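A.B. asks: Here it is, the structure in full.
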Amino acid sequence: MVKRVSKEEMDALERSCSQPFEEERFLIVSGTKWCGNNNIAANYSDLGFLEADKCCRDHDHCDHIASGETKYGLENKGLFTILNCDCDEAFDHCLKEISNNVTTDIRQKGGAENVWRFYFQWYNANCYRLYCKDEKSARDEACTNQYAVVKKNFTVQ
């Protein structure tokens with residue numbers, strides 16, 4: 001599968017990849033501190049000027065299974081962290097709320113739309129769903145034996 005990217009996206013990727021290996025590599029969306037492959041925030045309340053940064057911060061703090069980690073009986077053998085599908089759904093909703101708000105500034109709308117496109121169309125990460133082995137709801141605190149099942153990717157509407 002081939003993905004088309006803009007010149008700006010390619011330039012940003014090129015700059016990131018050309019940094020020396022000793023340096024931390026950050027690909028952070030301009031105007032944010034949380035939207036990217038890491039964060040540059042000083043603390044939890046440190047946000048960039050784009051409203052999408054709140055969505056990214058919340059998404060970064062979601063339940064996840066890191067590469068090489070086993071959790072809920074699921075081993076993540078992939079190169080990238082996978083998140084709970086509920087988190088991806090909340091992230092999708094948060095970004096769309098910003099871009100669909102008629103009173104939102106055009107820069108804010110564009111920022112949210114760019115983050116959405118990158119994550120849901122270009123990156124298109126897998127996610128996982130939690131289930132309970134004893135027929136209780138996975139959201140029920142009494143469920144002590146949750147297990148995870150990978151969903152190939154979050155399907156947006």
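From the backbone N, Cα and C atoms, a Cβ is placed for every residue, glycine too.
Annotations per Swiss-Prot:
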type     : residues            : note
BINDING  : Trp34, Gly36, Asp60 : Ca(2+) binding site
DISULFID : Cys35-Cys56         : disulfide bond
CARBOHYD : Asn43               : N-linked glycosylation site
DISULFID : Cys55-Cys94         : disulfide bond
ACT_SITE : His59               : active site
DISULFID : Cys62-Cys87         : disulfide bond
DISULFID : Cys85-Cys127        : disulfide bond
ACT_SITE : Asp88               : active site
CARBOHYD : Asn101              : N-linked glycosylation site
CARBOHYD : Asn153              : N-linked glycosylation site
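Can you tell me where each of these features sits in the structure?
C.D. replies: Mapped onto three states, the DSSP output places Gly36 (Ca(2+) binding site) in strand. Every protein chain shown contributes to the tally, and the Cβ of Gly36 (Ca(2+) binding site) ends up with 20 other Cβ atoms within 10 Å.
Under the DSSP three-state reduction, Cys56 (disulfide bond) is assigned to helix.
Spatially close to Asn43 (N-linked glycosylation site) yet at least six residues away along the chain is no residue at all, judged by Cβ distances under 8 angstroms. Asn43 (N-linked glycosylation site) carries neither a helix nor a strand DSSP state and counts as coil.
Cys55 (disulfide bond) is surrounded by 26 other CB atoms, counting those within 10 A of its CB over all protein chains shown.
Around His59 (active site), taking its Cβ as the centre, 21 other Cβ atoms fall within 10 Å, counting all chains.
Secondary structure from DSSP puts Cys62 (disulfide bond) in coil. Within the same chain, the residues at least 6 positions away from Cys62 (disulfide bond) whose Cβ sits under 8 Å from its Cβ are Leu83, Asn84, Cys87, Ala90, listed in sequence order.
When other Cβ atoms within 10 Å of the Cβ of Cys127 (disulfide bond) are tallied across all protein chains shown, the result is 22.
In the three-state DSSP classification, Asp88 (active site) falls within a helix.
For Asn101 (N-linked glycosylation site), the same-chain residues 6+ apart in sequence whose C-beta sits under 8 angstroms from its C-beta are Lys109.
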A.B. asks: Pop the Cα-Cα gap between His59 (active site) and Cys94 (disulfide bond) into the table, whole Å please.
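C.D. replies: Answer for this pair: 10 Å between alpha carbons.
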A.B. asks: For Cys127 (disulfide bond), which of these recorded positions sit within 10 Å, Cα to Cα: Gly36, Cys56, His59, Asp60?
C.D. replies: none
